[in-house]
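Features as listed in TrEMBL:
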- A:6-35: transmembrane segment (TRANSMEM)
- A:6-417: domain 'TRAP C4-dicarboxylate transport system permease DctM subunit' (DOMAIN)
- A:55-74: transmembrane segment (TRANSMEM)
- A:94-123: transmembrane segment (TRANSMEM)
- A:135-159: transmembrane segment (TRANSMEM)
- A:171-192: transmembrane segment (TRANSMEM)
- A:213-235: transmembrane segment (TRANSMEM)
- A:241-260: transmembrane segment (TRANSMEM)
- A:272-294: transmembrane segment (TRANSMEM)
- A:314-344: transmembrane segment (TRANSMEM)
- A:356-386: transmembrane segment (TRANSMEM)
- A:398-421: transmembrane segment (TRANSMEM)
Amino acid sequence: MAATVFLSMIVLLLLGFPMMIPLIVGAFIGFVTMFGGLGQMETMIQQMMAGIRPASLIAVPMFIFAADIMTRGHSASRLIDLVMAFVGHVKGGLAVSTAAACTMFGAVSGSTQATVVAIGSPLRPRMLKAGYKDSFVLALIVNASDIAFLIPPSIGMIIYGVVSNTSIAELFIAGIGPGLLILVLFSIYSYIYAVRNKVPAEPKASWRERGRAFVSALWPLGFPVIIIGGIYGGIFSPTEAAAACVLYALLLEVVIFRSISLMDVYSTAKSTGLITAVVFILVGAGAAFSWVISFAQVPQAMLGAIGITEMGPIGVLFVISIAFFVGCMFVDPIVVILVLVPIFAPVVDGVGLDPVLVGTIITLQVAIGSATPPFGCDIFTAIAVFKRPYVEVIRGTPPFIFILLCVAVALIFFPQIALFARDLAFR
Amino acid sequence: MSDDPDLSTHDSSLPGVLGIIDSTISRIESFLLAAGVLLMALNTVSNVVGRFVFQSSLFFSEELNRILIILITFAGISYAARHGRHIRMSAIYDALPSTARKPLMVGIAFITAIFMFGLCYYSIGYIETQASRGRVLPALQIPVWITLVWVPVGFFMTGMQYTLTAIKNLTSRDIYLSTSVLEGYEETEQEI
Amino acid sequence: ETWKYAFEEAMEEVQGKYAQKFKEVIEANSDHEIQLFPFGTLGESADIMEQAQAGILQFVDQSPGFTGSLIPEAQVFFVPYLLPTDQEQLARFYKNSKAVNEMFPELYAEQGLELLTMFPEGEVAMTTKEPVESCADLEGVKFRVMTNPLLVESYKAFGATPTPLPWGEVYGSLQTNIIQGQENPTFFLYSTKLYEVTDYITYAGHNNFTTAVMANKDFFDGLSEEDQQLVERAADEAYDYIVEYQKGLADSELKKIQEAKPEITVTTLSEEQRKCFKDAAADVEAKFIEMTGDSGKEILDQLKADLQAAAE
Ligand code: NA
Ligand code: NA
């Protein structure tokens with residue numbers, strides 16, 4: 001059954017159906033075959049609701065809203081001017097800054113989707129103006145946001161820790177090494193890209209200009225203070241920080257800068273709602289689809305078929321990597337972790353793998369998967385926010401996914417990338 | 001995320017009374033979208049203020065956000081269908097000649113509409129089941145089914161939009177992505 | 001036949017252990033097969049409950065605290081100091097209680113569920129950033145509780161600032177100090193690593209976590225008499241097993257916590273220190289009766305009588 005379902009989904013996708021239809025049809029076929037008819041369709045509705053319900057998802061519309069207000073007003077450009085005053089003269093400097101900003105923002109917000117919109121929407125126009133190709137820019141934003149999953153706090157690691165009974169503190173520390181490694185590799189690639197594509201560098205800013213840029217960015221610098229200070233200072237959860245950013249953005253742009261009118265606020269809220277709906281209906285449909293996979297015990301059947309219990313540790317790690325990577329190409333990372341981790345637990349235990357290493361690998365894989373076609377949710381978000389065609393959003397991703405997969409393989413053969421910091425701190 | 005001029009118009013392409021109804025629904029949907037997002041921000045921030053200033057959390061804050069996200073999603077999907085904004089992968093579709101694209105678009109719109117009406121039907125059933133069981137939200141103590149009324153409405157309106165899109169394509173020379181949006185988006189930044 | 005059984009915890013936590021034993025007994029004594037679905041694999045607690053009501057799942061484990069939105073009387077298990085902390089007394093209580101074995105099954109039946117068993121999961125401990133020796137120490141402490149009116153009421157009465165948070169945000173919020181406390185049974189503190197982000201574990205004896213296993217009623221009624229007896233026998237055997245399994249479980253899990261984090265401080269409050277908590281319990285009981293009316297009061301009175309009997 002599984003093969004038929006996947007095949008029909010891919011065909012519908014390629015024909016150009018709205019993306020929700022392949023997911024809905026996949027779930028629908030599952031329900032009809034499992035329950036011999038339409039008798040249990042209400043559970044499909046239940047699971048679509050369950051998919052959009054998690055409290056952590058609320059951060060997504062809030063960051064979309066805040067970023068949109070900042071971009072329409074002055075805040076975003078003043079912040080970017082400040083960054084440019086320091087790195088504009090470096091080859092690939094803007095790209096590296098974007099990657100670094102995604103890492104930093106992702107680290108605190110913990111959400112890859114929120115990172116795509118909050119960093120991507122202000123920085124993308126500037127990168128285009130600087131001469132980067134859109135396919136590169138979109139791929140950089142979508143993939144750099146993956147790092148958000150590896151740098152603490154990471155909701156993926158918390159869920160893994162709870163399900164697999166692993167120290168979350170150790171997982172958090174283990175994620176930093178691979179996270180920074182990816183940032184470094186993305187930066188190198190960005191530099192090479194800038195050199196090879198002859199992206200022009202700007203003239204070096206004087207200290208006087210830098211000072212002026214700093215002064216003009218004083219108010220907008222409140223955003224990083226709210227996000228980083230607020231979350232680490234114990235004032236906000238990431239979701240609440242997102243809502244606080246909305247409020248601060250309104251204060252700056254409507255009251256202080258007077259750059260946008262209340263009517264603009266209304267239409268921004270409307271477009272935020274629209275983007276949210278377009279992405280969330282896919283998240284909901286994906287949840288219904290993954291319920292079918294879980295209920296039918298498809299993963300158990302597949303793992304049994306490949307004989308995972310006969311494999312050694314390296315083999316098991318490869319199977320885990322592939323399973324999570326493929327899983328997240330179709331459904332939400334959290335759901336994949338919840339469904340697959342218990343299935344792998346006995347095998348991981350059996351071959352004596354370090355659960356912290358496994359957790360780091362899994363977190364990396366779900367991050368990669370969420371940025372990988374066909375159904376990676378970061379791709380949906382980028383399409384909805386930047387209003388670019390699907391193909392354009394994914395065109396530039398192969399080099400990034402290649403780098404990420406290299407890191408994933410390296411992690412299997414050199415677990416010290418993750419475990420070095422952990423051993424230093426805990427052993 | 002530039003301005004959305006395509007979202008600011010509510011003029012229906014339908015004739016007469018139908019057009020007026022359509023425009024009115026569109027206005028209601030866009031109002032709900034905006035109000036939902038603004039309320040969500042207000043609700044979330046109020047919770048922080050309550051916790052710090054008044055030493056008391058809003059117990060219903062999370063539940064209210066859950067209600068709002070359902071409202072936003074289901075008011076939004078029909079609004080998105082109206083403006084041709086649902087995400088799709090159109091690479092192969094775009095490569096086809098217009099003689100093939102037209103029947104394909106009609107098929108896509110009809111099949112999508114059928115699924116939307118189906119989900120509308122089953123979501124009504126789901127609401128009835130919820131109502132019969134009498135489950136309430138723990139903090140707000142209101143029946144769960146009330147929070148779901150937007151679901152069938154959203155599916156129905158989306159189904160209507162796709163039905164109208166199919167009809168529009170059958171009755172006009174050009175190819176339409178939605179009732180109001182012509183295809184041909186590779187050149188512009190506006191469409192998905 | 002293949003039967004499906006979902007529960008609210010991970011496979012190696014208490015509900016999972018119960019489910020595994022239940023499966024073992026059924027499969028050893030019949031041709032039926034049982035598939036287990038741990039926490040999150042088919043949705044949240046409310047989702048799996050609905051799926052059991054719809055007959056998609058044959059068995060479900062949902063704690064009465066969550067069932068409160070469906071069966072308000074089930075929240076009686078949140079009235080502080082109602083249940084004793086003595087494990088053996090509790091085990092006798094659940095086995096023989098008229099409220100648990102006669103009154104609750106009727107309420108569950110109205111929701112299309114056959115209540116098979118209720119069992120304890122251990123004393124609930126508070127974990128906090130600062131020491132708690134009296135209600136005064138909870139003053140101004142933002143304390144995470146499940147979204148349940150009675151729990152909120154309890155912690156208000158204890159003097160804390162009850163702060164409902166979704167489960168996924170608890171660890172992070174303790175780490176960044178958005179909240180400074182939360183409560184859960186000891187085994188859960190260990191398995192979910194909450195001790196990593198708190199420094200004090202306090203036993204005030206205010207509650208024991210209770211959970212309940214149910215079958216879909218139509219499914220159960222449709223079984224042959226032989227199968228019905230087998231299901232009841234499996235529920236009983238799993239009950240005896242889980243009571244035995246939990247003997248000393250809290251102690252051994254606490255020891256593991258102390259090994260992993262030697263600097264953690266564990267306190268069991270004295271009778272005297274508990275006084276203000278016990279005084280607060282009366283408010284919560286009143287609130288429970290206000291919320292559930294006569295039917296709630298009837299259950300509460302019966303529970304008290306049953307507990308009296310189990311104490312003797
Ligand atoms: Na993070
Ligand atoms: Na990502």
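Keep in mind that glycine also has a Cβ here, set from the backbone N, Cα and C atoms.
What TrEMBL says about a protein is an automatic prediction, not a curated fact.
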Leading contact stretch, A:171-192, A:213-235, A:241-260, A:314-344, A:356-386 vs the transmembrane segment (A:6-35) - CB distance under 8 Å: A:356-386
Contact call for the transmembrane segment (A:272-294) and the transmembrane segment (A:55-74): at least 3 Cβ pairs under 8 Å, seq gap 6+: yes
Stretch of maximal Cβ-Cβ contact with the transmembrane segment (A:241-260) [cut-off: under 8 Å; candidates A:55-74, A:135-159, A:171-192, A:398-421]: A:55-74
Best-contacting stretch, by C-beta pairs under 8 Å, relative to the transmembrane segment (A:135-159) and drawn from A:171-192, A:213-235, A:356-386, A:398-421: A:356-386
Touch test for the transmembrane segment (A:314-344) and the transmembrane segment (A:171-192), at least 3 Cβ pairs under 8 Å: no
